[in-house]
Amino acid sequence: MWFLNLELRQALYLCPSTCSEYTTGEGIPKDKDYEPQTICEHLQYLFALLQNSKRRYIDPSGFVKALGLDTGQQQDAQEFSKLFMSLLEDTLSKQKNPDVRNIVQKQFCGEYAYVTVCNQCGRESKLVSKFYELELNIQGHKQLTDCITEFLKEEKLEGDNRYFCETCQSKQNATRKIRLLSLPCTLNLQLMRFVFDRQTGHKKKLNTYIGFSELLDMEPFMEQKNGVYVYELSAVLIHRGVSAYSGHYIAHVKDPQTGEWYKFNDEDIEKMEGKKLQLGIEEDLGSPYDFISLEWLQKWLDESTPPKPIDNTACLCSHGKLHPDKISVMKRISEYVADFFYRRYGGGPRLNVKALCKDCVVERCRILRLKNQLNEDYKTVTNLLKITVKGNDGFWVGKASLRSWRQLALEQLNEQDEDAEHSNGKMNGNAQNKDESNEEKREEEEELNFNEDIVCPHGDLCISENERRVVSKEAWKKLKQYFPKAPEFPSNKECCSQCKILEREGEENEALHKMMASEQKTSLQNLFHDKCRPCLGSWPQETDELYIVSQFFVEEWRKFVRRPTRCSPVSSVGNSALLCPHGGLMFTYASMTKEDSKLIALIWPSEWERIQKLFVVDHVIKIIRTQAAGADPESALYDSEPKLCPECREGLLCQQQRDLREYTQATIYIHKVVDNKKVMKDAAPELNVSSSEAEEEREENKPEGEQDPDFNQTNGGAKRQKISHQNYITYQKQGIRRSTRHRKVRGEKALLVSANQTLKELKIQIMHAFSVAPFDQNLSIDGKILSDDTATLGSLGVIPESVILLKADEPIADYAAMDDVMQVCMPEEGFKGTGLLGH
């Protein structure tokens, strides 16, 4: 681009050389190659080779080396242009010849002024500055002239950004803008395609399409409009690539003497036809055209599959014409090309210049106008809600409705849009599916209608004033325009009389429940606070019998006593869940001292008498100690009423074992090992049972290197699994607190699995959870390596709540594939350390 600037090239040729052979007039010997010494000499040498040699391309390695550039590193072309222009200007400024010394300013330098005007006094301050390029924001624009207009637009200085006016001697609101004072011979426009993304913290590339013509008239943008400011396109530099950290630059340059365009792609140089650079051929806009499905065009370009007949039906509206919302998935082609496609492939319907549905466009415009009006009305209603309503001149509106009224109005408009789209009953398959899904959604979810949140079940005004507020007549009138069927309640409207009666009854019931809770708590204070409780393991000497109730009853009763106004009172003791269908007890004395102790609650005889008075008891269950006179207490015998049912007890134990091997959607835990310890055998996990919270805390505080308690518990710790006896299932579903509670640690994730699932399927789940490929997974449980991918989890001994260790084989990093990622992570140094910065 600089080479084809004849004035710059001629000025560089006039720079005297520092070569000793030239300065002495002896000339360079034929057997010696010319070696440039300065930046100017390198540029002279390159330009001379480009002008006089017949090579296909010129190698600029010497010039690049002189600048100290790293050819293996991606750099920003705009930054290079700025720095090199500054370096060239500084170098040429030392020349004695004024035509050489000032060539950069004459060709590339313009002037603009930052003009600030005080809104208070009207004082105008101006700061004149030189520029060598104009940096234009392209985000949100389609044309180059729009980018220039935004660059010159007026900026308001308000709030914390106010301007200090020297005349007013204080900070004032002001306006600031840029005025173009003079333009250079060669105007350099930089389109800012690389911007900083606040979400990712890195640069990103904008792929926005920008249109520009071969002629650019800058007169409308100038401060003084008495000159000619028409520029002819001479060069375009394009970045190829989706990332801001990688890609390739291609230059398109016009020869000023011949008017021919050339494409420079490294050593590949192509002479271009003039029309190739016209990104949009304006003279063809008025020619006949057709719309065709973009999806069909993409399939047609894919040579691997034979093209099918053209299908444009998915882009039709209910009137059988082109839907305005489907323009984005259509491609506009010339009528000549469309004739060729339809002759060769058939299909349709054909959508020409008149195919766009006018009715849908009119309806779309109506909806857009309503949405714009809605935004204006939203601001109006917001301001009206700030006004305090006096007397009985207002209306009651639900607070929830006020918070979401604009969203409800938008949903109504969208529904109207959909209804209009399908008004004549004709729709394509996609629309039909969408309509069916909407119907299902309406059936599943009850829609909230405006102001229905203050309607009581009896259809009258609700009694809770916390859920509603009074709005003015003006605000209600605006809201009524969008919701004409909304329930209307003037501010003097009385609340629902039936709800008032129910409220009084509710208050009486709450008082009664509080009294019941207080009485029960006083009668069973130790049971409520879980103090002085009997224990089967150390039988109390003062009694020979203890009573049993379900732990579920105790917990539900405690909830009621704590929150009598929120929880329902407990009226009966349901001990049937502890008995089998034959009426026998499901637990042995030994099991009730260990794994089943959390399912029952032991009651003192004195407490049992009070329980019988306060609650309805379905079955009495008690444990009786029998002991001969003078015998050793350890030789005592224990019996239960009702007796143990051996048959059902045996069935319960068998069912427990089957449940451990036959399960669906059970939770297991995968713990990824990230160090080099011998955990696959030494730290084998077992069932996770914690005897007490204090013990767990002590285990967690062990120094690193000791075994983790979450993966090293003993089977003797009373693992309690689901007991699926028919009566006991009902008891479990009532919410009995489980004694086994897994404590997840860092590096561990829970997975839902089934017993009939294969190990290979589990590895795929682990791959999604940990991003470790199945062939890199080494799994173990209880010190046993899991290696048979075809075996089921049940056969491998994996039971619910198991912990499986995962040791990943770390692959060797592909550093070549990570170059782009490393570029993002490394701090940007630009051209630091190069000749462009004087190093």
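Cβ atoms here come from the backbone N, Cα and C positions, even for glycine.
Annotation source TrEMBL lists domain 'USP' at 1-296. Here TrEMBL flags 263-357, 515-628 as domain 'DUSP'. Annotation source TrEMBL lists region 'Disordered' at 415-448, 684-724. According to TrEMBL, the domain 'Ubiquitin-like' annotation covers 753-806.
Residue counts for the domain 'DUSP' (515-628) under DSSP (helix as H, G, I; strand as E, B; rest coil) come to 47 helix, 21 strand, 46 coil. Each residue in the domain 'Ubiquitin-like' (753-806) has a pLDDT score, and their mean in this model is 91.
Counting residue by residue with DSSP, the domain 'DUSP' (263-357) contains 35 helix, 27 strand, 33 coil. Remark: secondary structure over the domain 'Ubiquitin-like' (753-806) totals 15 helix, 15 strand, 24 coil, with classes taken from DSSP.
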